[in-house]
Amino acid sequence: NSFGTSNADFPPGDPGMYQLDVTLRRGQNLAARDRGGTSDPYVKFKLGGKEVFRSKTVHKNLNPVWEEKAYILIDNLREPLYIKVFDYDFGLQDDFIGSAFLDLTTLELNRQTDVTLSLKDPHYPDHDLGSIFLSVLLAPGDQREATMLMRKSWKRSSKVTLDFWHNNYDLLPSMPYRNGNFCHRIYCPSKCVLITVGFVTLNKHHGTFQTQSLRLSDLHRKSQLWRGIVSVTLIEGRELKAMDANGLSDPYVKFRLGHQKYKSKIVPKTLNPQWREQFDFHLYEERGGIIDITVWDKDVGKKDDFIGRCQIDLSTLSKEQTHKLEMPLEEGEGYLVLLVTLTASAAVTISDLSINSLEDQKEREEILKRYSPMMMFHNISDVGFLQVKVIRAEALMAADVTGKDSFSKSDPFCVVELNNDRLLTHTVYRNLNPEWNKIFTFNIKDIHSVLEVTVYDEDRDRSADFLGKVAIPLLSIQNGEQKAYVLKNKQLTGPTKGVIYLEIDVIFNAVKASIRTLMPKEQKYIEEEDRLSKQLLLRNFIRMKHCIMALVTAVCYISSCFDWDSPPRSLAAFLLFLFVVWNFELYMIPLALLLLLAWNYFLIVSGKDNRQHDTVVEDMLEDEEEEDDRDDKDSEKKGFMNRLYAIQEVCVTVQNILDEIASFGERIKNTFNWTVPFLSWLAIVALSVFTVLLYFIPLRYIVLVWGINKFTKKIRNPYAIDNNELLDFLSRVPSDVQVMQYHELKQDPTHSPSKRKKNNPA
C-alpha cells in the first residue's frame, strides 16, 4: 500500500506474466471541483503510460461507490499501477482531483489484499484530496496457454470498448512469447465458445512467424455477438426544473448503455419538451443491463446545467413487449416519458470462411423466404440480409519499423461496420499481405446504409494506427463477386497504400426497403463531434455558391427567352407558355418532374450525358484531409480554442447550416441525375401515383384527406414519432461529398505486389 516504484526483486519462480484483478471499491472525502461544492468523479488506471481501465462516473458525490472490477495483465512487476481520479465536466476539460501509485512488488501472490491509497497532487503535495479503496489479487500467468491481450485503445470514431468482452466473456490468464508479444484467451460460458485471438507461434528452424486465424470451438464455429435489441423512444419531458434566468430551460437527454451513447435534439425554451425520437441499443447481457439517462440544459458559451438523472433496469422488463415508462428524475425535478421495447437479435454473426450461410442450401432458402415478396408487410424494420467475406489484403502500408535493417511490417486487423453494428477480425502479425478469411453477417434495417471496412495496425503501446478504409453503399454491391477495393484515406477522398479483397452478398425485400426509405434514418451512436474547420467552412460556402449559381443560371436562361437573345428558342418558349397556361392542370406539375427524370435517364442510357465531373469538392476534401493531419499534430498547441468555446460553437453552427442547405440542393439534383437508380425509380413511382391522383381526383379531396390524417395522427397514435416523408426520402440521397467518398477507385496495376517485385528486385 505504498507510493512510487520499488527495487524489490520479483517473487521466486517468476512466470514472466501476471494477472492483476482489481476491484475499485469506493472513494472517501474526495476534493470538490465543481461550483456547487461537489464533484462527478471517475477513475483511470494506467500501466506503462497506457490507460488500461476507466470507471463509470458517479455524479455529484464526494464519497462515490463504484464496485467495478478490472482484469489487467502485467509483464513487469517493477512498473507501478498509476491511479488517477478526475472530475467529469461536460463540454470542458475534466478537472484533476488526485493520483496515487500502487507498488506491485509489495503484493503477495494469490492473496486478496485490501488497499487504501491517499490521493496526492504533485503541484500541491500538502493538500488532502481524499482516498481510494481497492481490493487487489495478483496471480501468476498460465504457461501452458499462449494467448493475446484484446485491443484497448482506438482512434476517435473507431473506439470499440472492452465493455462487451468484460461483461460477456471470462478472460483467462496469459503468457508472453519470446518475441515479447502475448495473446489472450477468452471463454464465453453462455455459448460454450473458446476463442484464441491472434495465436502466434515462433518457427525456430526458419526464424519466421506463423499466425493462426481466430479459432472457435467445434461446438460453435459461428457465434452470435449480441443477444437482443433495446428500442427506446423518448416521448416527452414534464415539469422539468428551470435552469435559465427566464424561468425556462433548453433541455436535451443523453442515454448510455455500456459503451453505447446517444444524445437527443435540443428543445429550446420549455419545461415540457416534446422530443419524439427513437434510439436502438445492442443488448449484450442475457440478464439485461442498466440504461443511464441524464437530462441537461444547453447553455451557449459555458458549461451545460445538469437537470436530473434516472435509470432503466432492463432485467425487470419483459421481452417482445412495449413498455410505457414515466421516470421521475433524481437530483432534480420532473419526469421523462419513454417507450422501451426488448426484441431478440437477428443475423449478426462472425464465423470462419468454411461456415457460409448462403452456401448452405437450407439456410439460403430460409433467408430468401424471409425476404420474399410474400413477406413484404411482415416486420418492416427487417429489410434484408448482408454477408461480408473479408478474405485478405495486399501491399498494406508498413506502420512498424523494427530490427537493425529497419525491417518494416504491420500488425493489421479489420473492422467491419454497418450503421451501429461493428465487428472485427483477429490480428495477423508482422504481415503486409494478411489473410483473415472471415465471414460477417448483418441484418439490414435500411438498404441505403453504407458498409465501412477499415484496416488498422495494432500497436500494444498506443492507439491503433489507421491503414486504410473503404465505404461501399449496399445498393452498389454486386452479389457473389470477389473484388479488390483500393483502400482510401480517412476522408475517403483519395487512395492510400494497399487493397482489400471482399466478397459481399445482399438480399433484401424491395417493398420493405421502399417503405423504410420514407421513415427517419437510424442515428449513429459513434460519431465524431462537430469541430470548427477553415477548409470545411470554405467547402460548404463553395457548395452553397454552386446551388445558388444553378438557380441564377436558370433565372438568366428564362430572362434570355424574354429578351429574344435566341429567336428560335424564345418562339418555342412562348408557344409552350401559351399551351401550358391555357391547358394548365395540377397534375402537370408532377408530370413535368416525371418528364425531367425520364429525360435524364434517356441521356444516361444513350451515353449522351456530358456532365463534367466536379473536381472542386474533391480538391476541397483533400485540403481538409491535410488540415486534419495538421490538427492532430497541433492539437496540444491549440488549447486556447477551449477558451473561445462560445465563438467556436457559433461558427460550427453556421458551418453545419451551410452544409445542410448545400446538401439539400445537391440531393435534389442527384435524385434527378439518377445517382442512386433505386431512389430515382422510387421517385418515378411516387410521382406517377401523384399524377394519376391529381388527374382523377379533385384537389380539395386530396387536401381534405391529408388534413384529416394530420389532425387525427396524434389521436390515433399519441406516441408516434413525427417525420416528413419527403425529407426522409432526400436524406437517403447522397450529397456530392458523399458521392465522392463512396466512389470506387480503380486499382493501379503498378501498385500490385508482383509489379513491385519486377520493378524493384531488391
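Placement of Cβ uses the backbone N, Cα and C atoms for every residue, glycine included.
For 1-117, 210-327, 361-487, the entry in TrEMBL reads domain 'C2'. Sequence annotations record features per position, and here TrEMBL assigns transmembrane segment to 572-602, 678-706.
Over the domain 'C2' (1-117) the predicted model carries a mean pLDDT of 80. Counted with DSSP, the domain 'C2' (361-487) comes out as 16 helix, 62 strand, 49 coil. The DSSP breakdown of the domain 'C2' (210-327), given as helix, strand and coil counts, is 3 helix, 61 strand, 54 coil. Sorting each residue of the domain 'C2' (1-117) by its DSSP state yields 3 helix, 54 strand, 60 coil.
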